[in-house]
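A short write-up of the structure that comes next.
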Amino acid sequence: MAAIESVLTETRVFPPAEAFVTQANVAGMEAYQALCRRAEADYEGFWAELARQHIDWKTPFTRTLDESDAPFYRWFDDGELNVSYNCLDRHLATRGDKTALIFEADDGSVRTVTYKELHARVCQFANGLKSLGVGKGDRVIVYMPMSIEAVVAMQACARIGAIHSVVFGGFSAKSLFERIEDAQAKLIVTADESLRGGKAVPLKRAADEALAMGDTSCVERVVVYRRSGGEVNWSARDLWWHELTQTQAETCEPVWVSAEHPLFILYTSGSTGKPKGVQHSTGGYLLGALLSMLWVFDAKADNDVYWCTADVGWITGHTYVAYGPLALGMTEVIFEGIPTYPHAGRFWETIAKHKVTTFYTAPTAIRSLIKLGSELPAQYDLSSLRLLGTVGEPINPEAWMWYHEVIGGGRCPIVDTWWQTETGAHMIAPLPGAVPTKPGSCTLPLPGIMAAVTDEHGGPVAKGQGGYLVIKRPFPSQLRTLWGDPERFKKTYFPEEMGGKTYLAGDSAHRDDDGYFWIMGRIDDVLNVSGHRLGTMEIESALVSNPRVAEAAVVGRPHEVKGEAVVAYVVLKGARAVGDEAKDIARELRDWVGKEIGPIAKPDEIRFGENLPKTRSGKIMRRLLRAIAKGEEITQDVSTLENPAILDQLKEAVK
């Protein structure tokens, strides 16, 4: 690990503005440090007090943390609650007529629902699910466009104790099939099509394809929401959403579940083949969502209009669209489209139109919008903004400064948030009224999060020295296991080399002299493309499944917009392709990967070689491939290479 060096030096510091501090939920550094001291002095008491303060319990818990079967930690497990009740019912008396969701459709049209209306719709859909035999513990796949209905489907599952597994609408039929099969889903909720940038994307067709790919006899019904009115094939198991719900009652008693009951499974890319079904709990997850909204987003339910641009298919869309904001009774924007349709000012127009106060998006989106110039956002009134956030990958200091100056007018704090699908909620991020920010750093851990940078054995490393990012104590919102694979869970996140109880994030990081964390990248072979985690093994497997391909290796290289670009090295079964033939085959392989996994995984460039650089023991020299992809001079020892002559071939990229 000593080989990890930190080359990023950033010295600018932005203390919170006094006007922000005076109104902040956590006001000033002393208040932040007091929370941290409280957590260190009485760890269980700290979390128990917060859980009692912020969550409505049907049966109060008496046990806070059970570590007897570490690392399978249990939090508040004798308490009973319902997440949907906490997001909807508890607001009805005081906020029933308040707008809950503002749906900004792809074409710019707007629909809104109040808390009362959202509650009624969730109850109707929950009753519909019950009428189809769905109950506590059953798995429901949600393969939906960004919509009010996607949130309704998730909340309805939570209401009856069913376990949802949302699959991003951009994933292919094959990816969907793998998730249906692994979760043994009883029901699928989908739509005819999604609308994105003026184009219709068929979802029902992909669901039909997925269901025809293998043994999916576990699926009893497919509920279809009519989004576009596009043509769909129909079978006996299919049912329209509107027909299912129109006769259902608008009340549905919540099913009270243990705090440890699984709320959802969300699949994330692994560094080896099969996607990992990250399983989250009910009570601990909800607490993480609530606290991070209050602490990191400084949430003010009465005044804020909150907008997180993430799709519900990702963890960000779970915690910071479907659950966190609603648990606090906030008004939020849900966005169907893309930042540049029907025009390049769409994001800024949306902020101005709905008077958005808190805006949370990915560095990828920011970088792509920077390219369009600062004059564009200047055409819109962004004065309603008071807080900006970034998620999905580290933000480079230049993009941070543009975001701060051009979008935030130099007055909005930026919360650069580090967390993962597996952590459920923010882990390291500035509390905006307390912690001074530095462009490019996610700053300091949230109170109660015992984050550290260590060597491969869990030992300390010097300040400024790169190491493994770990969390030393269990925390309420962390994943409980990998669905159906407890051994992989232990091996991946709680390795024996670190004592079996320390959470290994899989990221490398260093801390500066102020203790601030700087994320340096993945320590495994997972790429971060536009804030989406993609396993290199999955892309390699997709390439090799093409009849032309004998062998493939995939690496990432820095990309100024997407964070990382996908670079594929391919050995064909026939002769090495060159010229126009290489371009044609590269195009075919890109489309192939898009069909197998999804468009997000398509290689940005493909390089053809007679073979791949391997050591004499047959191991692919990935470090060498990364250096070639980045255009770096090869300084490492290539004496163990079986065929050094191929290096020149691999330098020729087909874009």
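Even glycines carry a Cβ here, placed using N, Cα and C.
So that you can see what the record holds, here are the features copied from Swiss-Prot:
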BINDING   Arg196, Gly197, Gly198, Lys199, Thr316, Ser530  CoA binding site
BINDING   Gly392, Glu393, Pro394, Asp416, Thr417, Trp418, Trp419, Gln420, Thr421, Asp507, Arg522, Arg533  ATP binding site
BINDING   Val544, Val549  Mg(2+) binding site
MOD_RES   Lys619  N6-acetyllysine
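All features noted in Swiss-Prot, drawn onto the structure.
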residue: Arg196; record: CoA binding site; contacts (Cβ under 8 Å, 6+ apart): Asp106, Pro145, Glu336, Gly337, Ile338
residue: Gly197; record: CoA binding site; contacts (Cβ under 8 Å, 6+ apart): Asp106, Gly337, Ile338, Thr340, Tyr341
residue: Gly198; record: CoA binding site; contacts (Cβ under 8 Å, 6+ apart): Asp106, Asp107, Tyr341, Pro342
residue: Gly392; record: ATP binding site; contacts (Cβ under 8 Å, 6+ apart): Ala310, Thr316, Ala362, Pro363, Thr364, Asn528, Ser530, Gly531, His532, Gly563
residue: Pro394; record: ATP binding site; contacts (Cβ under 8 Å, 6+ apart): Pro363, Asp416, Trp418, Gly440, Cys442, Trp518, Ile519
residue: Trp419; record: ATP binding site; contacts (Cβ under 8 Å, 6+ apart): Val391, Ala425, His426, Met427, Ile428, Ala429
residue: Arg522; record: ATP binding site; contacts (Cβ under 8 Å, 6+ apart): Gly506, Asp507, Ser508, Asn528
residue: Val544; record: Mg(2+) binding site; contacts (Cβ under 8 Å, 6+ apart): Ala550, Glu551, Ala552
residue: Val549; record: Mg(2+) binding site; contacts (Cβ under 8 Å, 6+ apart): Leu543, Val570, Val571, Leu572, Lys573, Leu589
Tell me the Cα distance separating Thr421 (ATP binding site) from Lys199 (CoA binding site), rounded to the nearest angstrom.
29
Inside 10 Å of the Cβ of Ser530 (CoA binding site), count up the other Cβ atoms and send me the figure.
19
Greatest CA-CA distance (Å) over the residues Gly392, Glu393, Pro394, Asp416, Thr417, Trp418, Trp419, Gln420, Thr421, Asp507, Arg522, Arg533 that the record ties to ATP?
18
I need the most crowded of these binding-site residues: Thr316, Thr417. Count other C-beta atoms within 10 angstroms of each C-beta and give me the top one.
Thr417
Cα-Cα distance maximum in Å, computed over every pair in Arg196, Gly197, Gly198, Lys199, Thr316, Ser530 that the record assigns to CoA:
24
Set of same-chain residues at least 6 away whose C-beta sits under 8 angstroms from Thr421 (ATP binding site):
Leu266, Thr268, Val278, Trp314, Ile315, Leu479, Arg533
According to DSSP, collapsed to three classes, what secondary structure does Lys199 (CoA binding site) have?
strand
